[in-house]
Amino acid sequence: MSFVEYGDTIKDGDTAIVFLGHESMFPVKVQHGSKTQTKYGVIRHSTDLIGKRYGSKVTCSKGGWVFILHPTPELWTMNLPHRTQILYSTDISLITMMLELKPGSIVCESGTGSGSLSHAIIRTVAPTGHLYTVEFHQQRAEKAKEEFQEHKVEHLVTVKNQDVCKNGFGVSNVADAVFLDIPSPWEAIGHAQSALKIEGGRICSFSPCIEQVQRTCLAMEEHGFTEINTLEILLRVYNVRTISLQIPDLGKAAEDNSSTGFDSTNQSNQGSLYGILQQGTAQFKSGVPLKEMVGHTGYLTFATKSLF
């Protein structure tokens with residue numbers, strides 16, 4: 001099992017996703033002799049998982065069943081253990097596109113955090129690219145390195161435990177793109193410029209507060225970055241459902257009534273008039289927005305390293 005290479009069968013030591021439903025899933029490390037408890041009963045790794053194909057329907061001890069899915073960066077983002085606040089697929093998708101990442105790209109990132117974006121970047125730059133990720137917190141850096149080894153992507157990533165604002169990324173003139181998710185990104189812009197290739201590259205900074213964005217934009221301009229722009233993504237989800245609406249009376253019934261001397265003021269005739277106006281309903285599919293939606297997460301500031 002690898003997050004960048006698909007494997008057909010579940011093996012001892014793999015990380016798999018136990019899927020109970022669209023709103024209920026969790027990761028599990030497959031180990032010979034281990035058991036995993038779910039609301040549908042026990043899953044025995046030796047007999048129920050190891051050797052089975054990914055995507056298999058597994059029956060638990062209480063008679064209920066679950067699906068065992070191959071891990072992907074998208075599923076990992078939804079199920080990873082949170083050591084910090086993380087980026088989700090909405091922001092990640094724009095970041096990978098706007099940084100122009102592709103197989104073979106060299107990327108510098110700070111901070112690593114819980115590794116949500118890191119896994120997406122690794123999958124994008126594989127098999128010949130590389131990610132240099134810097135984490136200030138020692139325990140988080142060690143845990144991220146351990147997860148990369150478990151997910152068999154350690155050859156695509158280098159984890160460093162240092163302060164990027166003081167010590168930089170540890171590389172110079174090699175990166176195609178730089179991503180910053182730190183409290184004071186403006187202090188690391190100079191190091192980001194040094195890490196980017198001489199012929200140019202892209203940079204992105206994620207900040208939750210607009211004051212951070214202002215200082216970061218000023219620092220980017222001072223260091224010669226161009227095409228500076230800031231975006232915010234607000235995802236609005238729609239439910240597709242069947243809607244029933246009354247077919248409107250466009251006046252034909254009223255014209256017919258007047259021509260036949262129909263007295264609408266007569267109480268005995270009002271029931272008949274209501275029946276004429278209520279001529280029927282039509283059903284059709286429509287997109288209806290949810291009553292609640294995810295609001296502000298953060299601002300994404302992008303820029304390009306100038307060649308001059």
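Cβ coordinates come from backbone N, Cα and C, glycine included.
The following features are taken from TrEMBL:
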type    : residues                                       : note
BINDING : Ser114, Gly115, Ser116, Leu117, Glu135, Asp181 : S-adenosyl-L-methionine binding site
Looking at the binding-site residues Glu135, Asp181, which one has the fewest other Cβ atoms within 10 Å of its own Cβ?
Asp181
Across all chains shown, how many C-beta atoms besides its own are within 10 angstroms of the C-beta of Leu117 (S-adenosyl-L-methionine binding site)?
26
For Ser116 (S-adenosyl-L-methionine binding site), the number of other Cβ atoms found within 10 Å of its own Cβ:
23
Which residues in the same chain, at least 6 apart in sequence, have a Cβ under 8 Å from the Cβ of Gly115 (S-adenosyl-L-methionine binding site)?
Trp76, Leu80, Ala144, Glu147, Phe148
Which chain-mates of Ser114 (S-adenosyl-L-methionine binding site) that are at least 6 residues away have a CB under 8 A from its CB, listed by sequence?
Leu80, Pro81, His82, Arg83, Thr84, Ile86, Arg140, Ala144
